[in-house]
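Taken straight from TrEMBL:
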| type | residues | note |
| --- | --- | --- |
| COMPBIAS | B:1-13 | compositional bias 'Basic and acidic residues' |
| DOMAIN | B:90-279 | domain 'ABC transmembrane type-1' |
| REGION | B:1-24 | region 'Disordered' |
| TRANSMEM | B:29-50 | transmembrane segment |
| TRANSMEM | B:92-117 | transmembrane segment |
| TRANSMEM | B:129-148 | transmembrane segment |
| TRANSMEM | B:154-172 | transmembrane segment |
| TRANSMEM | B:203-236 | transmembrane segment |
| TRANSMEM | B:256-278 | transmembrane segment |
Amino acid sequence: MPKHCSRRELLGGAVAGAAGLIAGCSSSKADSEDSFTVALARDPTRQKWDVYNGITPYYTHVFEPLVDTTAEMETAPLLATEWEAVDETTWEFSLRNNVTFHNGDPLTADAVVRSFDRVFEQWSWVPGWIGVTSDGVTAVDDTTVRFETTDPFPAFPGTISHQYFGIQHPDENETPTGTGPFEVDEVTAGQSITLTPFADYRDGTATPTELTFEWIKDPNTRVLSLEKGSVDIAQQIPKSRATALVEASEMGINTYLTPEAGLVAVNLYRSPTDDEQLRKALNWAVDQSQIVENVLNDIGKPAHGPISSTIPWSIHDELPTYGPDLDRARDLVEASRYDGETLSVLINSKNADDRTIAQTLSGWFKEIGVTSEIRQIDPASFNDRFTAGEANLTLVGFGSNSAACDYLIRAMFHSEGSDNRKRYKQDGTGIYNPGPEVDRLIEQGYRAENLEAKRDYYGEVQRRVVDTGAVIPLYYNESVFGRRADVSGIDSHPVDNMIEWSGLTREQ
Amino acid sequence: MSDRTADRRKQQEATKQPRGTDGLATDRLGQFGIGVVLTLLVLAALGPVVSPYDPVEQDLSNRLESPSLSHPFGTDQLGRDVLTRLLHGARFSLGIAVAVTTVRLIMGTAVGLLAGYAGGWIDETLMRLVDTLLAFPGIVLALVIAGILGPSLVNVMLALSVVGWASYARLVRSNVLSLREREFVSAARLLGRSRTHIATRHLLPNVVAPVVVLATLDIGSVILGTAGLSFLGLGAQPPTPEWGTMLASGRSYLRQAWWLVNAPGLCIMLTVLGFNLLGDSLRDMLSPTQTAQMEEL
C-alpha cells in the first residue's frame, strides 16, 4: 500500500534538503578553527616530486635541510648544528642530537647520505650544480657527514640550504617522512596535501591542527577562492588584484621582498644592441619607479642593479642610477650607430606583468627614436629562444631559493653560465656576459671565503654590468600572499617557498 | 521538352530566384546582421580617422580611468583610450577575417573543383586529405601550426587558412559531382570544350552561391579563432590593438577595470553574431537542398 507524505513531512524534508544543499555549496573550509588551507599556484604532488615520495619539499616543511636560510639570506644551523671545511674541498657537518623522523626513527648520518644519494640518482644534474661527485657524500660516524667537492667551494653550506636537500627517511616505500614540524596525513595526487603537526617536534608542536595545501592554478580562481573563504591563504596573488584585497575588510595581503630581480637582458652580441652607446641610451630612457608604481601596483622596489637588495653581496645602494633622462637618451642614440632597426623584445607569455612592462618600455624607447617589437613566447620554449640569442632584449626574472646565491651571478654573467653557454660554445659570444674580465671576477667571488671579499668581487661584476648596459634593471620582486583578515602568524621570509606556518592562528 | 528537363529548369529558376529580396525584407534577424556588419565596416574605416587618441601611445597618468565623456570605454592599464584601440582593432579583426576566409575559399574551391570533376585517384587522394583535416579540431591544429611558426599575426593567418579550407572543398566537390552529370556539362563536352573551360565556365559559376554563404558564416569563426590565438599570445603582439590581445591584457584587471575585458569581448560577440545572422539570412535565400548540404558541413 503506497505511503503518502503529510504536508508537514514534505515541508520538513524540503527544509532538510535545502539545508543540506546550502551546506554542500558553502565554504569547504574545515570545521576546526585551527585548520588552514593554503592555495598554491603549482601542483604540490606533480611527478617532479616523486623523489620525495610525491610531495613538494617547498612550503610544506615536512622535510628539513641540514642548513637553514635566514630572513637575511644567510646560513644558520638546522639539522646540522655546525660545519667546517676540513680542507679546500672537504666539508664535515655535525648532526643535531635527538632528532627523530615522523615515524620515530632517529636521524643518522647514514640516513642523510641516503637522502642525498636519492636526489642524485633521480636528478643527475644536481651533483654538478652543488659541485660534488655522485659518491662524494659519506658518513664519517653516526652524527657526522662528509662532502667532497670537486673544486674549492666556500658557498657549499649555503647551497645545500636549498629545500631540494630536505632530509627524508631512507625507506623509499613509506609515505613522505621527514623531520619537520609537519607530517603527512593525506596526499591526493594532482590536488592537495594535508598535513598534521608532528607531536614530537623538537621546538614544540605547531599551532595548526591541520594544514592543507591545495593546487589552484589560475590566479584569478585563487583570489576568488580566498574571497569566498574556501581557502585561508593564497600564494602568488596577481599584483593587479592586491589593492582590491587590501581594501576588502575581510581580507588582507602580506608582501615580502624576495631575492628575485626583474630585468632586461640586453644582447651584447646582436646588432644593434652590440653598441654600448645605444644600450646606455635605453637605460637612460627607463623609469624604474614608474614601473613599480604603475605596473606593479607599488609592490616591489625599483632596481639599480641585477641583484636584489635582499642578497647580502648586492651593492644596490652603491650602484649609479641612469635616469630617467629622455634628452640624454636621445643624445646617446644620436651618438650611436643605431640606424632605425627594430629591436626585438622577448617576453614569456605566462607573465602578464611582463607584457605590460614590455609595452611601457617600448613606449619610452619610441620617445627616444628607437623602435621595438614585442614577441610573446610560450613558457616551454622561452628559455631556448632566449639562450639562442634570438632577441635584442629579453625580460627575465632571476631569484635564489637558497642562502648561497652565487649561482645567480654565474648563470647570468659568466660566459659559461647557463644563459650564455650555448652561444659561447657555438661562436665564443653569449648573451649578456661582458667577457673574460667579468668571468674572472665571478670565479674569484665564487672562491671568496668571507662576505666582504665576495662583495668586492661580485660588486665589481654588478658595477661593470650596469656600466656597460648589459642589463636594464627594472625591479626587485615582492611576493604577495593573500589571506583572510582573521588569519595571522604567517612567518615572513624572502624565499616564499620557505615561509613557515607553525605559528598560524585565527583571531576570534 | 521532356518532363525531366522542365522540372530541372524549374529547379534552376528556383535557385536563381529564391525568396530573394522578399526574404531579406521580412527577415528581421538578417537585417540586424547586415546592420551590425555595415556599422562595423564604417567604424573600422572612419573610426581611427576621427578618434583624437593614438591607439599605442601610453599615458601612465591616466591609467585605468573608468568610462567618461572623454573616454567612453575608459582607459587601459597604460592609459590608452579603449575605444580608439577597439576601432583600430576592428580593422585588424575584419581585415584578417576577410583575408583568411578568402584564402580558405580559393583553396577549398580549387581542391573541391579538381576532386569533383577529375574523379578517380585524384578525388580519392584529395578527399582523404580533406577527411584528415576535418578529423582534427581546427583550433587545436591552428594552435600547433602557430606554435611552430612562432607568434605573429601573419603566422596566425597562415595557420587559420591551412586548417579551414577543407569544408569548402567538401561543399564544392559535392556540388560538382551532381553538376557534372547535368546536360549543359555534357553538351559542352560534346562541343569539344576543354576540361578547364568546363570547370571554370560551367561548373564554377554554379557553385559560387553556396560557397559565398559558407564564407559569410565562416568569417565569424575566423574572428573567434584569431582572437583566441591572440589571447593565447600566438597572434597579434602587444601593443597591437587586436581584440584578442586586448582581452588577454585586460584579464588581469577584470575586477578592477571591468571595461578592459567587456568592451573587446562585446565587440567580438557582436561581430560574430552579425556575420552569423547575415550568413543565415543568405543561406535561407538559397534552395533547401543547398541549405541542407551546408548544415551537414
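Start at 1 and count along the chain as shown; that gives each residue its number.
Glycine too: its Cβ is placed from the backbone N, Cα and C atoms.
Counting same-chain residues at least six beyond the ends of the transmembrane segment (B:203-236), those with a Cβ under 8 angstroms from any Cβ of the stretch are 15, 92-94, 96-98, 100-102, 104-105, 108-109, 112-113, 116-117, 138-139, 142-143, 146-147, 151-153, 155-157, 159-160, 164, 167-168, 171-172, 175-176, 179-180, 185, 242-245, 247-248, 264, 268, 271-273, 275-276, 278-280, 282-283, 286, 290, 293-294, 297. The stretches the transmembrane segment (B:29-50) and the transmembrane segment (B:129-148) are not in mutual contact, being linked by fewer than three Cβ pairs under 8 Å (pairs 6 or more apart in sequence).
Sequence-remote contacts of a segment are chain residues at least 6 beyond its ends whose Cβ falls under 8 Å from one of its Cβ atoms, and for the transmembrane segment (B:154-172) they are 96, 99-101, 103-105, 107-109, 111-113, 115-116, 126-127, 129-130, 133-134, 136, 138, 141-143, 145-146, 207, 210-211, 214-215, 218, 221-222, 225-226, 229-230, 234-236, 293-294, 297. Outside the transmembrane segment (B:92-117), and at least 6 residues removed from its termini, the chain residues within Cβ reach (under 8 Å) are 40-41, 44, 123, 126-127, 130, 153, 156-157, 160-161, 164-177, 180, 195, 198-199, 203-204, 207, 211, 215, 218-219, 222-223, 226-227, 236, 240-243, 267-268, 271, 275.
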